[in-house]
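Annotated features, as they stand in Swiss-Prot:
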{"type": "BINDING", "residues": "G71, T74", "note": "Na(+) binding site"}
{"type": "TRANSMEM", "residues": "1-21", "note": "transmembrane segment"}
{"type": "TRANSMEM", "residues": "33-53", "note": "transmembrane segment"}
{"type": "TRANSMEM", "residues": "60-80", "note": "transmembrane segment"}
{"type": "TRANSMEM", "residues": "95-115", "note": "transmembrane segment"}
Amino acid sequence: MISIILVMIGGGFGAIARSAITDYFNHKFTSKLPIATLIVNLVGSFLIGLTIGLSISTSWFPAFFVTGFLGGLTTFSTLAKELTLMMTPKFNINLFLNYSLLQFIIGFIACYIGYHI
């Protein structure tokens with residue numbers, strides 16, 4: 001039961017962090033790519049890899065930080081929405097593919113680097 005509470009608390013903080021980061025980057029930068037989602041997903045992927053690589057496995061930390069906070073910070077559903085919204089009548093296949101590759105391949109590389117630090 002305690003791990004469920006830790007996931008809920010961590011997830012809440014992660015979602016708040018994502019919202020703040022998204023607001024900041026959406027006001028500071030204009031881009032055809034959704035930069036804020038890219039940043040939170042890449043940072044989250046790196047931190048997940050780092051946490052796993054460091055074998056931080058106290059009884060509470062993975063539930064609170066990895067599943068909760070980083071699960072709330074990163075967002076696959078927003079990525080799916082953004083990719084769907086790119087498929088408009090003015091669909092740009094290069095933009096769509098570049099953003100997809102950045103998210104998935106660079107996200108994996110970020111996790112891998114974090115794991116091996």
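Heads up, residue numbers simply count up from 1 along the chain you see.
Note that Cβ sites are derived from N, Cα and C of the backbone, with glycine treated the same way.
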Considering the transmembrane segment (60-80), which listed stretch of 1-21, 33-53, 95-115 counts the most C-beta pairs under 8 Å: 1-21
Cβ contacts under 8 Å made by the transmembrane segment (95-115) with residues that lie 6+ beyond its boundaries: 32-34, 37-38, 41-43, 45-53, 79, 82-83, 86-87
For G71 (Na(+) binding site): intrachain residues, at least 6 apart, with Cβ closer than 8 Å: V7, G10, G11, G14
Conformational class of T74 (Na(+) binding site) under the three-state DSSP mapping: coil
Same chain, 6+ residues apart, C-beta under 8 Å of the C-beta of T74 (Na(+) binding site), given in sequence order: G14, R18, V40, N41, G44, S45
